[in-house]
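A short worksheet on the structure shown next.
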Ligand SMILES: O=C(CO)[C@H](O)[C@H](O)COP(=O)(O)O
């Protein structure tokens, strides 16, 4: 059976001046997990946050699962730091490592969930020999680096293809979609086969996180 539907706010769009407060607020508003965007101004043209910030959030009382989205290159040297800081899952881009399988093993060795993130221009071919070794596949529906971009509609077809691939191999693998999700495209993303919705600006740019999350949730079949 397909995995549960989960709403994962991307904290990139939160107010970093009061991040702990923002995160607790979005959790009490109904978020299932957090999406923690890590950028290095090398793999992507933006700079964000690292393991110390995740550790501070854990110390502040954040207990929900955190998917650390590494938009950095290389990745292997920071994996243990993110695990120690409290990552639940570490997701990386195949282009950001010399050896995808070794990076997967390294994350696993630390007892952490593993995710692969595919850019809009990355083909599904890279999943071929590793799909059964990951917990989550995230499809970027914008080019990584910034929140608030417009959803690329060609992603819908890629979601459908990835869902087919997952169902043929192991339907316990989650399929996440990241970038530009809003009330206008949420149903299409869900109907195409996603079960994790990574949403930044549509939540954090609103004045009432609870109302926004409830409205997204009301569009899911079991609610
Ligand atoms: O990884 C990201 C950008 O690289 C963000 O998670 C993503 O863009 C979500 O933000 P928004 O919903 O505002 O598009």
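Each residue's number is its place along the chain shown, starting with 1.
For all residues, glycine too, the Cβ spot is worked out from N, Cα and C.
Note that the coordinates shown come from a computational prediction; the quantities given were computed from them, not determined experimentally.
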Cross-ref TrEMBL: divalent metal cation site 35, 37, 178; candidate in list 69, 210 matching that site is 69
DSSP, reduced to three states, assigns residue 180 (substrate binding site) to coil
Residue 35 (divalent metal cation binding site) sits from residue 145 (substrate binding site) (Cα to Cα, rounded, in Å) at a distance of 14
Here the binding-site residues are 147, 178, 180, and the Cα closest to that of residue 35 (divalent metal cation binding site) is found at 178
By a 10 Å Cβ neighbour count, the lowest-scoring of the binding-site residues 10, 201 is 201
Closest by Cα to residue 37 (divalent metal cation binding site), out of the binding-site residues 10, 147, 178, 180, 201, is 10
